[in-house]
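K.L.:
Got these off Swiss-Prot a minute ago, pasting:
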type: BINDING; residues: 516-574; note: ATP binding site
type: BINDING; residues: Asp696, Glu717; note: Mg(2+) 1 binding site
type: BINDING; residues: Asp696, Glu717; note: Mn(2+) 1 binding site
type: BINDING; residues: Glu717, Asn719; note: Mn(2+) 2 binding site
type: BINDING; residues: Glu717, Asn719; note: Mg(2+) 2 binding site
type: DOMAIN; residues: 489-747; note: domain 'ATP-grasp'
type: REGION; residues: 1-333; note: region 'Glutamate--cysteine ligase'
type: REGION; residues: 32-51; note: region 'Disordered'
Amino acid sequence: MIIDRLLQRSHSHLPILQATFGLERESLRIHQPTQRVAQTPHPKTLGSRNYHPYIQTDYSEPQLELITPIAKDSQEAIRFLKAISDVAGRSINHDEYLWPLSMPPKVREEDIQIAQLEDAFEYDYRKYLEKTYGKLIQSISGIHYNLGLGQELLTSLFELSQADNAIDFQNQLYMKLSQNFLRYRWLLTYLYGASPVAEEDFLDQKLNNPVRSLRNSHLGYVNHKDIRISYTSLKDYVNDLENAVKSGQLIAEKEFYSPVRLRGSKACRNYLEKGITYLEFRTFDLNPFSPIGITQETVDTVHLFLLALLWIDSSSHIDQDIKEANRLNDLIALSHPLEKLPNQAPVSDLVDAMQSVIQHFNLSPYYQDLLESVKRQIQSPELTVAGQLLEMIEGLSLETFGQRQGQIYHDYAWEAPYALKGYETMELSTQLLLFDVIQKGVNFEVLDEQDQFLKLWHNSHIEYVKNGNMTSKDNYIVPLAMANKVVTKKILDEKHFPTPFGDEFTDRKEALNYFSQIQDKPIVVKPKSTNFGLGISIFKTSANLASYEKAIDIAFTEDSAILVEEYIEGTEYRFFVLEGDCIAVLLRVAANVVGDGIHTISQLVKLKNQNPLRGYDHRSPLEVIELGEVEQLMLEQQGYTVNSIPPEGTKIELRRNSNISTGGDSIDVTNTMDPTYKQLAAEMAEAMGAWVCGVDLIIPNATQAYSKDKKNATCIELNFNPLMYMHTYCQEGPGQSITPRILAKLFPEL
């Protein structure tokens, strides 16, 4: 079977970049007040380690392992890792942060508690590692990079090879990649090594100078020297590994800490028949200059590097070559961070192969830029990660830098707690739900990002969610009924719930003729089936014919049918009902500022806009307050300008409408709202058959309990997909977390 020079013989349109990616990040939890390894147990907020697909513990209780799902491209893998890191950083105790370096801070054996896992084998395995290698070495952290070649790519190469058996071909291809990785991994150690020092008493021998990567040297986490596994063929590899376990040299196959692992089966013998499906590359130190420990550019450069390894011919003396390459890697790992690659390192072979891959397959200029960056780092070691890290070392210690950098990333995680890193372009309620999904260990897939459509599953239990709370729990007809204001009104009227008096019109002339019945009454004119307050005109006293006619025309521009209803005096509240229980109540107040007798209105607006919850284009729970034409007209009607200095305590209205989208305030009144109104809202949602419902009630005096006789509350609208984030992150009040309750209802077994 011919494996070498397959890429050279491939056509330029081969899907060479097609691959699947997975990243694993290890990080220690650090107790900020003491700046030592945290002694607290694994956070209960992170669900159960028995099944959590994204957040586990590695060797010790404080060492988190963050695991991305399989990603179809490198960008998605980085996106996953950003989100999982964000969730982990905000789920640990608030006085803890994740250590950004591979080498731990000062730590003693007694500070390291073995992960308290329920699986007896996993716990006993860690006890064995303690006896065999010691606890301290287990506290080193890193990044594991998983890559599987794309199926179309594998099929094309298989056909080109004219091999007889697809699994044998796939195994040989992955074995070649593994062999060449072990021959050339020293370049990655040079570029990305980031463990230059160990803190006091960590190593048995003392280092006099910083090095490039302790973790990737013989001083790092490696097997004992008597462990020898051949890479000559897959069969030799399997036999040697099985014999090492049988002889007691290894307690299990996974104790073999090779820089590259064959993956796809739990037992290595299965690879012979079922095939290797991907490889795990374990040589990456945490990059402390990235909040997630690795950068997009690194992931893509490594991908190009791996393709170059397929371009390079195999070795005819692989075990001997790997032995020599290991010595070279150790030399580079223990060299000074500003020392260039040694002369015996065949770096030109790698650079030429990477260049050939770029040219042969017409890769985008992005990959050429990545290669140029590699070339610059080869010429200038100070540009490598270890080279940049060198100036951060103080007295052969990185503790101060690690503490500072870890705190920066901790603060960054909490900077916008309503957003999920990596998914900021999605609707806020969906981001909040995804945070909870990752935190609790529910598997997820974004089926359609534009449509906010998610697939969630745990074991065989699958749920589909749209826009954060539209699920199978609601009958299909329910949102259709609530989207139609006339249908909603009729259903509520039949159940004797209070709704505004009014009528529906599909003809402009008929709507105009209705004026005689309402000309002396306060009214609201609105489209029949619209949202976000579009096309609505409010007349708090009464309307003249000209104004009424204009309001009709505005409403008809939004819908083919309109409603003319009585205007109800009072305060509007949004009630959030979930499965018959009102769990949140919100008061929305129009954009405003309150005078302090010192600042102008313009300055007061700027001060209020400093609230981190305020932003633009619905990317934050609250919108920035503008001072445009509408707001300035409103000020003029009150006798103010933007330069006026209102007296202390004077409330200045900047808008009439209370929409959050136009700078309004959200005020959580859940705990103070009279329970009779909560019950009323819940009963209205139940009457509609709604699992999730936003109920808008006008209440003249919320301090008085609701009475059916007095009907001192009126429902003006029901919403089938109510926003959730505005209940959680409010201008005032404690806020109510809704998405965790949605998730708990969907997956009660968790």
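From the backbone N, Cα and C atoms, a Cβ is placed for every residue, glycine too.
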K.L.:
On a simple 10 Å Cβ count over all chains shown, which one of the binding-site residues Val524, Val564 is most densely packed?
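P.N.:
Of the binding-site residues Val524, Val564, the most buried by Cβ count within 10 Å is Val564.
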K.L.:
Counting distance between Cα atoms, which of the binding-site residues Asp696, Glu717, Asn719 is nearest Tyr548 (ATP binding site)?
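P.N.:
Nearest candidate: Glu717.
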K.L.:
Quick check on the region 'Disordered' (32-51): DSSP residue counts for helix, strand, coil, in that order please.
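P.N.:
For the region 'Disordered' (32-51), the helix, strand and coil counts are 3 helix, 2 strand, 15 coil.
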K.L.:
Using the alpha carbons only, what distance in Å do you get between Lys540 (ATP binding site) and Asn719 (Mn(2+) 2 binding site) once rounded?
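P.N.:
Rounded to the nearest whole number, the Cα-Cα distance is 24 Å.
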K.L.:
Tell me whether Phe556 (ATP binding site) sits in a helix, a strand or coil according to DSSP.
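P.N.:
The three-state answer is helix.
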K.L.:
Among the binding-site residues listed here (Asp696, Glu717, Asn719), which has the Cα closest to the Cα of Val524 (ATP binding site)?
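P.N.:
Comparing Cα positions, the closest of these binding-site residues turns out to be Glu717.
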K.L.:
So, three-state DSSP: helix, strand or coil for Ser516 (ATP binding site)?
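P.N.:
Once the DSSP labels are grouped into three classes, Ser516 (ATP binding site) ends up as helix.
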K.L.:
Say you check the Cα of Glu717 (Mg(2+) 1 binding site) against those of the binding-site residues Ser516, Phe556, Val564, Glu572; which is nearest?
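P.N.:
Its closest listed neighbour, by Cα, is Glu572.
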K.L.:
According to DSSP, does Val524 (ATP binding site) fall in a helix, a strand, or coil?
P.N.:
strand
K.L.:
What's the CA to CA span in angstrom from Val564 (ATP binding site) over to Asn719 (Mn(2+) 2 binding site)?
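P.N.:
Approximately 19 Å lies between the Cα of Val564 (ATP binding site) and that of Asn719 (Mn(2+) 2 binding site).
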K.L.:
Could you tell me the C-alpha distance between Glu572 (ATP binding site) and Asn719 (Mn(2+) 2 binding site) in angstrom, no decimals?
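P.N.:
On Cα coordinates alone, these residues lie 14 Å apart.
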K.L.:
Look up Tyr548 (ATP binding site) in the DSSP assignment and reduce it to helix, strand or coil.
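P.N.:
Note: Tyr548 (ATP binding site) is helical by DSSP.
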K.L.:
For the domain 'ATP-grasp' (489-747), report the average pLDDT of the model, please.
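P.N.:
Summarising the domain 'ATP-grasp' (489-747) by its mean pLDDT gives 92.
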K.L.:
How many whole Å apart are the CA atoms of Phe556 (ATP binding site) and Asn719 (Mn(2+) 2 binding site)?
P.N.:
21
